[in-house]
Amino acid sequence: MPNSTTVTEFLLMRFSDVWELRVLHAMLFLMMYVATLLGNLLIVTVTTLAQSLHTPMYFFLRNLSVLDMCYISVTVPKACVIFLLDNRVISMVGCAAQIFLVILFASAELLFLTIMARDRYVAICQPLHYPVIMNPRACVQMTLATVFSGLIYAGVHTGNAFRLSFCHSNVVHQFFCDVPSLLKLSCSDTLSNEIVIFVSVVVIAGGCFIFIIMSYMRIFSAVLKLPTRGERGKVFSTCVPHILVVTVFVVSGITVYMKPTSNSPTTQDMIISAFYSIVPPFLNPIIYSLRNKQIIEAVRTVMSR
């Protein structure tokens, strides 16, 4: 596209232009999407109806489930459309909305995972102080702070991205709009954008990740002092998958956002993006709930009514 032409819409990318592979990708995305919605909807329903699950831990889990359903809904339905149809166009407004919502839900997800790690740490390492520290008012305040922080964070990055001019190309090398892909298309100076991204990733993503890892290290330290192997195994089997999901989420997100804009986009970038935008919402119901005896018992109780 010539430099004199101003971009008014963007074209999203597929993983492949081969029809059979496009159908396969769409089916895979759709199955993960439906499974994510059903799993998280089950968690929301059970934690709402079961009185035994009206605790801080399940309050945050319910919020995380709502967040996961919203998060995956921003990218997957549109991706399935571009996989199956010839129309890959997304408007400037649609692209801005997608970027805003992806950043909002991704940042809120990370903050909720951090809060949940804190909740587990207090419950295991400071059980006597748990009712005071994780009281209902504090839980609501942390939830509101997470949402407001996500809104501000998303607003800053979206506004900073769309103050740029796009005149080189309108092909976004991604199956959804994200900031790194747009920076590659800009004919403006993107240094300030890259600085803001670097600082926010290091401070927010890095800070949350370190906090989560330290919380679980303290949990493991406390668990090793438990007298029976069964109790230790129960905690380890619960916490290790949590750490793995958080690691996949954070590392894949950092990889995408910290990659130099001068580098050429690849299919590998699209795959990595799926790991922070689709995989965590899909895995969270399995790891946080389907392996949780209290959730399973609550499901049986609710279904027997």
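Every residue, even glycine, has its Cβ placed from backbone N, Cα and C.
TrEMBL has this to say about the protein:
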type: TRANSMEM; residues: 23-43; note: transmembrane segment
type: DOMAIN; residues: 39-288; note: domain 'G-protein coupled receptors family 1 profile'
type: TRANSMEM; residues: 64-85; note: transmembrane segment
type: TRANSMEM; residues: 97-117; note: transmembrane segment
type: TRANSMEM; residues: 138-156; note: transmembrane segment
type: TRANSMEM; residues: 195-214; note: transmembrane segment
type: TRANSMEM; residues: 235-258; note: transmembrane segment
type: TRANSMEM; residues: 270-290; note: transmembrane segment
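In summary, the transmembrane segment (97-117) does not lie against the transmembrane segment (23-43): fewer than three C-beta pairs, each 6 or more positions apart in sequence, are under 8 Å.
Highest Cβ pair count under 8 Å relative to the transmembrane segment (64-85), across stretches 23-43, 195-214, 235-258, 270-290: 23-43. Between the transmembrane segment (23-43) and the transmembrane segment (235-258), fewer than three CB pairs separated by 6 or more residues in sequence fall under 8 Å, so the two stretches do not touch.
Listed by sequence, the residues of this chain that lie at least six past the ends of the transmembrane segment (270-290) yet keep a Cβ under 8 A from its Cβ atoms are 13, 15, 29, 32, 35-36, 39-40, 42-43, 61, 64-65, 68-69, 71-72, 75-76, 102, 106, 109, 173-176, 178, 241-242, 245, 248-250, 252-253, 255-256, 296.
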